[in-house]
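Have a look at the structure below before the remarks.
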Amino acid sequence: MDAPFAAWPWQNLGVFKYVLYGPFVAKVVYERFYSEEESNPNLSWCLHLLILSALRGLLHVAWNSYSNMLFLTRNRRIIQQGIDFNQIDREWDWDNFLILQALIGSLGYYMFPFLRDLPMLNVKGLIIGLILHVGISEPLYYWGHRKFHGHNLFNRFHSLHHSSLVPQCLTAGHATFVEHLGLAIVIGIPILGACMMGYGSACLIYGYTLIFDFLRCLGHSNVEIVPHQLFQTLPFMKYLIYTPTYHSLHHTEKDSNFCLFMPLFDALGNTLNTKSWQLHQTLTSGKNSSRVPDFVFLAHIVDITSAMHVPFVLRSFSSLPFRTRFFLIPFWPITLVVVLSMWFWAKTFLLSFYKLRDRLHQTWVVPRFGFQYFLPFAADGINKHIEEAILRADKIGVKVISLAALNKNESLNGGGKLFVDKHPELRVRVVHGNTLTAAVILDEIPEHVKEVFLTGATSKLGRAIALYLCRKKVKVLMLTLSTERFQKIQKEAPLEYQSYLVQVTKYQAAQNCKTWIVGKWITPREQKWAPRGTHFHQFVVPPILHFRRDCTYGDLAAMRLPQDVQGLTSCEYTMERGVVHACHAGGVVHSLEGWKHHEVGAIDVDRIDLVWKAALKHGLTPVSSGSTIKLKPN
């Protein structure tokens, strides 16, 4: 935005913009510890401004969390399109207005003596504030908003706010500097007016400001929560309070519904959208049934900290690859309580969605954490959740459901085979995605490698990788104590390649091998046997610790979704934006190809090249580019 007063004065400060709160904090500290005058810090004007800013920020975050709880709001979403990373980045500094209004509030305190020593409550002031809001703030905002939709002002200023195609609660704060200066005037008129008349109070300032923000968040939430029965019982109310549907129409059509909170002024100005009430009734009467997804990725929670890496906790945090951050530590006890609650009461829930070539893809989450999958007594309960999710997907018409990581554990359910055998009439295709996972790992192995060390060698993935590599005349040192299981896999290989599969029982056997494929978690002590310069490929959850500085570590097998994906909102665990785990990508390929078979149990080694070719054909690309000479992309 190149227009004067469009850019924020502190837009180049990044997170250091919060230093602007420093003088407020310093003033509070000074008054508390160093001031010789008798003063109660609880009545400090600077302290009030800090508390109010914090409450307003929490209000916006709480509203945004609710609107992103798709398991609660999916049938009442107004604009069904998902937001994308571009919108999240544009709205990253949505809270600039809180800093601005805190600074304006401090100036007002020193400019207007009547703002000092305000009582806690004055009922007359509340009434006067309401009258001033309806009589001055509402029409002033309506008039200014219409002016900002004029061609010149819209392009120079207001288009930034409308660049967010899907309104979110944080979109309410996403606007130019000059617009928020105007909004500060709109907010300030009822407060200053009541205080000038001698009827101001702390309750007026807190109450009016927080209600103002609440209603702004309501209008931008993209979730309809106002029941249409309210307007049927009290028809005049439709002119006194707007709804999320009402304001969403303003964002989509831009030529109507300009009011602040009261549609009365749109009616008086002849700018009320005639579709407002009918669309509102449709959304709140249960007629707006959500679309059935074409593909479902059935995930699970990894650990307590990563449980906070979801859009309905912190949207900005979930839009970046997960890593442990210090600011999450205070929330750990709360998350632990939620974990224990989910163990007893939660059901599989909808987390996120995106669209790919007009197909709706959703991520459902089994309410179980990684450590629970290793508790023997928890297996039946976990399988029950997975089975119920599969049956639900089959009932509503989902075409493909892909099982994530531990949800397809061999010892848990045989890679999904348990459910397919139990319900042979399933129409939904159950997919473990391991075929593409194996292909991604194989693609990462350089052409010159002639020997690899494989842990987790007798697992589904380990078996497929070993059988594929031996056919390429790569020697595979298979770490396993079970000679019986090793020999069973060895016999599956063509006779002329069986000698390339070698059983080893100790990590010492790989002390000269620089290519380790880790399918079973290894400790730092076990990593010490790897020679300098070793690269650790891995398909183990959770990933191994990066202990060796003289070695390199690969990420979990993953693929980047095609560029035409729409509405991708969050990163999948530690993956980059637009990147998903290979088992997720395997289900996507299965769906795009329209394959009718299930992919459960053992991996068909002969299909690895076929699945890889299909993935590349549909625009999925490997994240870390290998030589690709071991696979057949063409």
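One is the number of the first residue shown, and numbering goes on along the chain from there.
The backbone N, Cα and C atoms fix where each Cβ goes, and this holds for glycine too.
Record note: among 19-36, 127-144, 361-378, 451-468, 127-144 is the stretch given as transmembrane segment by TrEMBL.
Nonlocal intrachain contacts for the transmembrane segment (326-346), taken as residues 6+ away from its ends with a CB within less than 8 angstroms of a stretch CB, comprise 304-305, 307-308, 367-369, 372. In terms of DSSP secondary structure, the domain 'Fatty acid hydroxylase' (131-271) contains 100 helix, 1 strand, 40 coil.
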